[in-house]
Amino acid sequence: MKDLSNYRKSYEKSELLETNIPEDPITLFKKWFHEVEDFGGIEEVNAMTVSSIGLDGFPKARVVLLKQFTYEGFIFYTNYDSEKGRAIANNPNICLSFFWHSLERQIIIKGKVKKIAENLSDGYFESRPNGSKLGAIVSNQSEVIASRMILEEKLKQLEDNCVGKEILRPKNWGGYIVEPQEVEFWQGRPNRLHDRIRYKLSADFYWKIERLAP
């Protein structure tokens, strides 16, 4: 057995107090996101862990890139027929997690997910590089394949067929929006007495703010 107990550090970079937070979580998310962007040196600051409940009843988590966020929710794109897409179709309750170690911060978002309008998916797909567009068409995401060579051959054939043509979004690929119902902000603090502030959406769409024990 490898002992990992010596991996530890003290978190001392910031604090999270009720006296300096906004009334809604999206405003605070925007503030933290801009701060991690400005911090520099962090690749793909929009990387998040998306956790869903699979058809087998087990949770599954994977890293996905956040592409937009608004006061309505958080948007990412994927293959609707993938394992992730099938899980979402069966159970729309999912969780998003962000961890920005350099700032000693974590955000956990729980909510319900639904597909965005097709024209929005079309617009984002059009903005992607051609290679990414073709990759979305070629890959039957999450399906078992015999070899990587099969994918590369399919991609080459599709590239040849699409020369000089518009590459349209496949109908089984598009965006989801996660409508938050609960958002927790975690700020590392000394002696493991971390700050945890939770925003919880009430039945009348009012955000209740609570402090949680670390």
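Counting starts with 1 at the first residue shown.
Note that Cβ sites are derived from N, Cα and C of the backbone, with glycine treated the same way.
Because the structure is a prediction, the values reported are computed rather than measured.
Per Swiss-Prot, the feature substrate binding site maps to Arg8, Lys9, Ser10, Tyr11, Lys67, Tyr124, Arg128, Ser132, Arg192, Leu193, His194. Taken from Swiss-Prot, the feature FMN binding site applies to Arg62, Val63, Val64, Leu65, Leu66, Lys67, Tyr77, Thr78, Lys84, Gln106, Gln141, Ser142, Trp186, Arg196.
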Position of peak Cβ density within 10 Å, selected from the binding-site residues Arg62, Lys67, Lys84, Arg128: Lys84
Cα-to-Cα gap, Arg8 (substrate binding site) vs Gln141 (FMN binding site), nearest whole Å: 38
Arg192 (substrate binding site): secondary structure state under DSSP, collapsed to three categories: helix
Val64 (FMN binding site) and Arg128 (substrate binding site), Cα-Cα, nearest whole angstrom: 16
Spatial neighbours, same chain, of Trp186 (FMN binding site) - Cβ under 8 Å, 6+ residues apart: Leu16, Arg105, Gln106, Ile107, Ile108, His194, Asp195, Arg196
Between Leu66 (FMN binding site) and Ser10 (substrate binding site), the C-alpha gap once rounded to whole angstrom: 29
